[in-house]
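As recorded in TrEMBL:
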| type | residues | note |
| --- | --- | --- |
| DOMAIN | 128-146 | domain 'U2A'/phosphoprotein 32 family A C-terminal' |
| COMPBIAS | 148-169 | compositional bias 'Acidic residues' |
| REGION | 148-242 | region 'Disordered' |
| COMPBIAS | 176-191 | compositional bias 'Acidic residues' |
| COMPBIAS | 206-219 | compositional bias 'Acidic residues' |
| COMPBIAS | 229-242 | compositional bias 'Acidic residues' |
Amino acid sequence: MDMKKRISLELRNRNPAQIAELVVDNSRSTDGEVEGLTDDFTDLEFLSLVNVGLNSLAKLPSLPKLRKLELSDNNLSGSLDTLAEKCPNLTYLNLSGNKIKDLSTVEALQNLKNLQSLDLFNCEITSLEDYRESVFELLPQITYLDGFDQEDNEAPDSEAEDEDEDGEDGAGQPGDYDEDDDEEEDEDGSEGGEVGLSFQVNRADQEEDYAEEEEEEDQVQGQKRKRDEDDEGEEDEDDEDD
């Protein structure tokens, strides 16, 4: 599916200005350029154009609120200076799997003052001697290169960050699934089994006691009836004597 049609489908009859995230991975660019995106996407914050056959970013529209841009597995070898002009607020940029060979190409990213994370994994530039030191020196604003900082500390998971920003992974939201709840339910269930067994044993004991009480009561009632009959017989004999 070509990129322009894919973007149209992703809109689902919504206004482009209402879109904050747009993913068109694995669609096709007919001429190696960005197609179907316009300046109307004024609130777009996340854009993913993975494996769409891009050769250039020249036709990328102005996206002033864009923070995260995924461009991995394309054919980009230059034209990165467009990003500073069109997406000045980028904080995350993934260019892995492109044809970026030289530090001079990356130098165009110096004007992205808010850029914090850059990914160049699987690009030829990573084979350069002192690659990491050179990029960190060239782009002092970035904290993470290929997922690690200058001290080789791994970058925090971006999804986890988003979840924290949304309120600690949406804690307390109805319908959330929690494995801990299952564990608690399992524990409660096992305890409930023990309680149920104990209850059955106690109930059996109670029923046995109740049966014994009924038997004793029947014996008492029988003896009472026998005494009453004997008494009646004696009274009848007395009447005959009279």
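Glycine residues also receive a Cβ, built from the backbone N, Cα and C atoms like all the rest.
Quick caveat, the model's predicted, so the values are computed rather than measured.
According to DSSP, the secondary structure content of the domain 'U2A'/phosphoprotein 32 family A C-terminal' (128-146) in residues is 8 helix, 2 strand, 9 coil. Per-residue pLDDT, averaged across the domain 'U2A'/phosphoprotein 32 family A C-terminal' (128-146), gives 97.
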